[in-house]
Amino acid sequence: MVKTKGNAKKFGMHPRNVLRQPPDYTKLAIKYKDFRKECELELNGKVSVNFRNENTLRELTKMLLKEYFDLNVDFAPGSLVPTLALRLNYILWLEDLMEPLKLKEIKGIDIGCGSSCIYSLLGAKKNGWHMLALESKLQNIEYARENVKKSQLEDLIEVYAQPEKTSIFKSYFEKDQQELQYHFCLCNPPFFDSNLSNPFGGNTRNPERRPAPNNARTGSQEELTCVGGEVRFVQRIIDESLENKLRVRIFTTMLGVKANLPRILDYLKERQVANVTTTEFHQGHTTRWAVAWSFHAELLSQERSCS
Amino acid sequence: MDNCNFTMDLENNNNTQLTGKEPEKFAEKRKSVITSDDKAGETKRLKVADPVVKATQRPPTQSPKKRLQLNGKPKHNKDLNFTYGNYKHYYGKRILDKDFHDIRLDVLGTKPELFRGKQLLDIGCNSGHLSIQIARTFEAKSLVGLDIDRGLVKDAQNTINHLKRQVDNKQGFPHNMKFVQGNYVLDDDVLLEIERPQFDIILCLSVTKWIHLNFCDSGLKQAFRRMYLQLRPGGKLILEPQSFDGYKRRKKLSEQIRENYNAIKFRPEQFTEYLLSSEVGFAKMEPMGTPEHCEAGFKRPIQVFTKT
């Protein structure tokens, strides 16, 4: 659906998203030298940002994290550069899910934190959440730990090196003798299926109504693809959640492809998981979907359904 | 028969003959004098300082005769709020003959090869009148005109749109012209770091006074640096700076302008030296000429600065 002014509430960013108002890039270019180098100066003195350039995206996200959250983050070369608007939308949705629980101390699991460790950093810095960041790729682990250190959040964030990629919670939960309870988990799964001949080929039926995203694609093969793509990955999270029903209060994950949402909902239904809710994240031309499920008594609020 | 004591002067038809010694009863017919003052100039003494204005306040429209200053000084001063020199009927003051030929074209025309096939920028283009003539007469490859006044830029764009409808061709003039609203002076000097060469010729005609009065020494120096950075190697800046004595009568435009005027230390006499210094970096300056047949106020020398 075309995003018009009237639809901004339904199709815009989360109401509390600080990026709901586009930043003044000219002011920011004056303030931040590294970001400035990536910008273009127009005749009228305003600065413009080319989102289709990978380096520009990297400096942009670094700058926004510094400006809005005072976080100092570096990305491993070639690794996925997260877009802040989307990450914020996810964190804000989690805040909404946590709010009715009225908890004093919140603990969360970041499944596949990447080199930026951005979800954990945002959760810890913005909300004081205790985060367990799981990551299997060595280079990403090193960068993530460095980013946590630079942002002085070592007492809130633990980066755990996953020994193998096939399991999600298993190795950590097995070693954790205390059997700590977590309140949520979050995940940005690898969207694409490495088994397909053209993993990145989209199948939109309507390219005019669904224009390509404004930004360049970033990230390594490992971060973007896995066997069976996001469906298989999320199914594994669901399987493991069934084995650890009460260790995590609310399980959540993002999905990149709209068609995969009903597949996941069916998978949950087949396993008699009834307490389920979904949401959408809107930023620019891009929409993402998210699912949350829980084995606890409190029903998850059905805030909005996907059309 | 009555005896009469008057005589009839029948030869002169009984008219009283003037001796030539009678006192003057009629005033001499007043001659109409057009002074050579820069009429673009007279500012009424303001009783209250004007607040700094961002947008131009439009004066009521005048009849063409008044616009062309054929009757002498204008009745009402319309220049009160043109703090950027963004006069609505600027080119009316500059036009000298019915052909609407800006006299500066004669000077620029001594070196047509500077413009032919080149990409031009005109800073402070006003309603685009001169820009359009330059682009057309000298067959420029393209011309971008920049002005701080949105209304004037709109006028310029309307003129181009009108011309576009009149011609058959889809390329070349006037399709190679664009007008942009904006301030040439940047919010901060650091933005110069990301400025890039993009023009062969930059025209800065009768604009320096306005940049100077509104944005001070620092603003004008930054503008000079920006011009250099925007030129390609071998590119040229064509500069027509106003002399300092023309600044004084403008200081009443606003409190801010008065403050700025009083703070000026960088004088027009120092412009050439500055432009050739390492702070800007032009390699040489050559005088191009001074318009001849125009009001003294507009007799400003035009200079060419070359970037190696």
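The backbone N, Cα and C atoms fix where each Cβ goes, glycine too.
TrEMBL annotations: computationally assigned, not manually curated.
Because the structure is a prediction, the values reported are computed rather than measured.
Going through A:N44, A:N188, A:N195, A:N198 against TrEMBL, the one listed in the S-adenosyl-L-methionine site together with A:R87, A:G112, A:E135 turns out to be A:N188. The Cβ of A:G112 (S-adenosyl-L-methionine binding site) lies under 8 Å from the Cβ of A:L134, A:E135, A:S136, A:C187, A:N188, A:P189, A:P190, A:E223, each of these being in the same chain and 6 or more residues away along the sequence. Counting Cβ atoms from all protein chains shown, A:N188 (S-adenosyl-L-methionine binding site) has 25 others lying within 10 Å of its own Cβ. Within its own chain, A:R87 (S-adenosyl-L-methionine binding site) has A:I118, A:Y119, A:L122 as residues 6 or more apart in sequence whose C-beta sits under 8 angstroms from its own. Using the Cβ center of A:R87, A:G112, A:E135, A:N188 for S-adenosyl-L-methionine, the list of other same-chain residues with Cβ within 8 Å runs, in sequence order, A:P82, A:D110, A:I111, A:C113, A:G114, A:C117, A:I118, A:Y119, A:L186, A:C187. The Cβ of A:E135 (S-adenosyl-L-methionine binding site) has 24 other Cβ atoms within 10 Å, all protein chains considered.
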